[in-house]
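Going by TrEMBL, these are the annotated features:
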type	residues	note
SITE	Asp20	site 'Important for activity'
BINDING	Gln83, His84	substrate binding site
ACT_SITE	Asp242	active site, proton acceptor
DOMAIN	259-441	domain 'Carbohydrate kinase FGGY C-terminal'
Amino acid sequence: MAPIRTHGIDKSLALVAGIDSSTQACKVVIRDARTGRLVRDGCASHPAGTEVDPSAWWAALERALQAAGGLDDVEAIAVAAQQHGCICLDEEGRVVRPALLWNDTRGAAAVARLVAESGGADAGRQAWATAVGSVPLAAFTVAKLRWLAEQEPDTVRQTAAVCLPHDWLTWRLAGAGGIERLTTDRSDASGTGYWSPATGRYRSDLLAHALGHAVVLPKVLAPAERAGSTPAGAVLGAGCGDNAAAALGIGARPGDVIVSIGTSGTVFAVADEPTADPSGTVAGFADAAGGFLPLVCTLNAARVLDVTARLLNVDHAGLSRLALSAPPGAGGLAFVPYLEGERTPDRPDATGAIHGLTLDSATPASVARAAIEGVLCGLADGLDALMRQGVRAERVFLIGGGARSTAVRQIAPTIFGRPVLVPPAGEHVADGAARQAAWALAGTAAPPSWEHAGVEQFEAAVAPHVRARYAQVQALTAPRLD
Ligand SMILES: Nc1ncnc2c1ncn2[C@@H]1O[C@H](COP(=O)(O)OP(=O)(O)O)[C@@H](O)[C@H]1O
Ligand SMILES: O=C(CO)[C@@H](O)[C@H](O)COP(=O)(O)O
């Protein structure tokens, strides 16, 4: 193993950087590699939209790094990023078209056809779950490739390599080079739809069938393996998907379930065994520590809270106050939050709805409470689906931007029917990437044990009528007009 570069200072002061290139923003934390102590941080926003030129992510990374004081004294770096995003590169490593993101639902029909080609809809779902641990939906990279094959033959002709946001940023940090130098990790590879967490191998045949020809794919690195180094000599960790990074960031262990309310809503568990759910509800992902990360993802989470606050002309604190002033169940109001279509359940063309309006329930407080309850009910359905896959849920953590909301913290246990643990507000995804960087730097068998500040536990009486009401109306939504 290469000796740790210490720049002539005490080895215990080695710094590592963790990057979270998520949907809405790029966040950087710089931490002490040994203790995990936060030294400095930075953030920069990303453009809106479901397709984004990766150069915008690079520009945001540069701004976030500058805000975080740069990398000159940093020994190792790792990048976590939004999963699934499809970046097509040509032979020279040039980006062929803007990346298609996880929340771009245009490939829904194309991927349904792809799945059905494996023996019909039901047999196809079983075949894909067996092959790659997941039934691909519009979010998956393979769905985007199939959509491109149907819609953009020129793009497909130019495409020589396909990679994900964290792969591309890591490759750029390493100074780019040829497409054969691209790397990824198990967690992000498992979101492509053409890599199997159970076998640890690509299914390049499935990719070639979707796209129409074979391409260069990033080498899949082990959790603590190095992806290379920056031109300045800092070690590059393998990087990972943002959900896997969050698990590493909060030090989750088997038996833990994490509910994240970010741009996406996710419910996922650290597990010792892979899953293969033929219904397509649970994605059978890998984690960033050598295990597995069965996951349910919804398209509508923190931004539902953003938009409801805007609708009610309040800020997030105001939304919390309003929501907590209404009773559980919001006087019969149920908010189905499918504002961007939905991934779980698979309803890409759905819109949102508010049901149960009466003269009494039509109040800002009821709308605020119903919006929060609606987001949480979708995630509670996800937790149930995980448990049907045999996942243990001994502790439930709540993280992501939405977990900063007092109302979300207090209402969550009424919906999940169990206490929820909330770590101190922070950038848990970037923290996980930083911990992975420290692991790659140390070259040890296990990641460094960083101290985690105390979690806060929220408990409340379960309100089963809220989920019952939501279940009654959840399918009653209008399709999009466009
Ligand atoms: N106090 C709060 N209450 C509710 N939502 C919040 C609060 N603070 C931030 N958010 C929302 O959380 C989201 C960002 O969460 P984050 O987990 O960082 O998302 P991502 O990783 O997808 O970029 C934004 O939509 C933001 O408006
Ligand atoms: O698609 C998924 C998981 O399968 C999303 O969780 C993305 O990884 C985006 O994450 P955020 O930007 O919401 O953190």
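Just so you know, glycine gets a Cβ as well, placed from its N, Cα and C.
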Integer Cα-Cα distance in angstrom, Gln83 (substrate binding site) to Asp242 (active site, proton acceptor): 7
Asp20 (site 'Important for activity'): tally of other CB atoms within 10 A of its CB: 29
Close-lying recorded positions around ligand 2 among Asp20, Gln83, His84, Asp242, where CB distance stays under 6 Å: Gln83, His84, Asp242
Alpha-carbon distance [His84 (substrate binding site); Asp242 (active site, proton acceptor)] in Å: 10
Neighbouring C-beta atoms (10 Å sphere around the C-beta of the residue listed as 'active site, proton acceptor'): 31
Around the Cβ of His84 (substrate binding site), the count of other Cβ atoms that are within 10 Å: 29
